[in-house]
Amino acid sequence: MGGCFSDVNGGKAAVGGVHGGPLPMAAGGDVDGGHNEAVDHFYKVQGYQPLFTQIELSLSASKLIDLDVMSKSDPMAVVYMKKRNGTLEEIGRTEVILNDLNPVWIGKISVAYHFETVQSLVFHVFDVDTTHHNVPVKTIKLSDQDFLGEASCVLSEIFTKRDKTLTLKLNNKNRKNAGMLSVHAEESVASRNAAEIVFRCTHLDNKDFLSKSDPFLRISRKVETGNAVPICKTEVVNNNLNPIWRPVYLNTQHFVSKQNPLIVECFDFNSNGSHTLIGKLQTSVSALENMHRDKTGISFVKQHHGREKILKGQLYVDAFRERQLYSFLDYISSGFELNFMVAVDFTASNGNPRSPESLHYIDPSGRLNAYQQAITEVGEVIQFYDSDRRYSAWGFGGRTMDGSVSHCFNLNGSPYHTEVEGVEGIMTAYNSGLQTVALSGPTLFGKVVHRAAEIAGQSLEQTKSKYYVLLIITDGVLSDPQESIDALVRASDLPLSILIVGVGAADFTQMEILDADKGHRLESSTGRIATRDIVQFVPMRDVQVGQKPMVEALLEELPGQFLSYMRSRDIKPLNVNIETTLPQVHNVNYPV
């Protein structure tokens, strides 16, 4: 972006085909998008049955405006749906590609194609500033980026093209020629089948003078017209002519069938974006499986004086495993249970409950305060997924009847029993707690998180089919963020997710730090890194102003967190046949 060097580290990361990657990264990571089946299921059970087909959009551009002085633009595309009132609703973003005026984005944009509706799409292309590289794309503030161009079309226009590819002219009021944007559409293929593949190369040509090549692979699928659609790329292995890459995960959506031709290209990474082709080859998933079984390699080729030259460099498959990637609903419908727990903030920063300005004020007219509203609206969603609708309910930061300040007390006042029945039980316990517990402080989450983690950990002794969700409702002012971070890091390898709902108009910066959406996992005071992101933060004010429905806000990350836990431990849905697979990948050393 104008006048600054690009950070090359983000551009060296893998894109697409990454297993368990929780968040899309701005420069090197899966895009954030796709429909959320937990939300879909919620709406369908409520009686909403929209007729649509899920499709994926692949984007590429050419001859973009170059706004950088010492390098090239770092483009990212953002796709919007134009509503009837003319406002734009964002539906997805690609990854950021570094130093490239002719980008071919690998990340796909998922769109629900409604046949009966005219769906107008708007595409914006931005040059992303260096300071936003290597962070999740959804966290990038678009107003801080340089605008490169805009294009629009109706979704059905793409399907009228024989090859389902539409090329649009990008418009920029300050530039006559802003480049072109190509959009390719394909219907999503619902499949649980996936192939886990470890690639290795030997004797690659050296393209660097003072060191060795920094190779990466880009894998594309041939479509009916003969064109190739990129589906993933590996990470870059630095300074190595015999690289081994981390596993690539390809599902049927990527390769369609085992016999479908795949193009594998090997490049030498260059920080200026002009990556040097080392060689390419054509293969298929079926051929890759045979290569692993027979322990054979295949040679790269390259055009040389109009002829195809066979190179010394070869591609090998060190590991190949077929597996099923079960969905969130596969687990829930097979008998897996979501168990919800609730914790309410009783700290003094909420204001005196007797004052109408307090977040805890009980209005005699019956109008709900911020906490009651959150409990009611959140309860409508969480009770749908909780099988017995019995919730452990706690308060924190309050002075209890014995005169001591407690950071985890039973909301129902019982010294022994934590559970209440239904949303009504939470509301009753909350109202009762305000009569017996004095607001105090400080605001500490640690003991509540520890108690929830203790329950989740104990459940593993009996079953692996329970997953816990702790809902924390707070005004957002943490007294000791590191104490909360330490507790969250300890809990990150348990079957537990934490939803934090922020009420009121406070500065929620601390909450956003706990929600590791910036791409950096939480680190404890002892240096331990969280094994996965288990926190999602939802400001009630965003829901109240209509940015998104409560069900979407709450369930945005939960299915992914649930699946990352189950898949990382190879836990399958109940009552499923264990498929016969090739041996799992073991003892493979991946270069850093």
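The backbone N, Cα and C atoms fix where each Cβ goes, glycine too.
Heads up, TrEMBL stuff is auto-annotated, nobody curated it.
Database features (TrEMBL):
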type	residues	note
DOMAIN	33-168	domain 'C2'
DOMAIN	175-299	domain 'C2'
DOMAIN	339-558	domain 'VWFA'
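The average pLDDT computed over the domain 'C2' (33-168) stands at 83.
Per DSSP, the secondary structure of the domain 'C2' (175-299) breaks down as 14 helix, 55 strand, 56 coil.
Counting residues per DSSP class in helix, strand and coil order gives 24 helix, 51 strand, 61 coil for the domain 'C2' (33-168).
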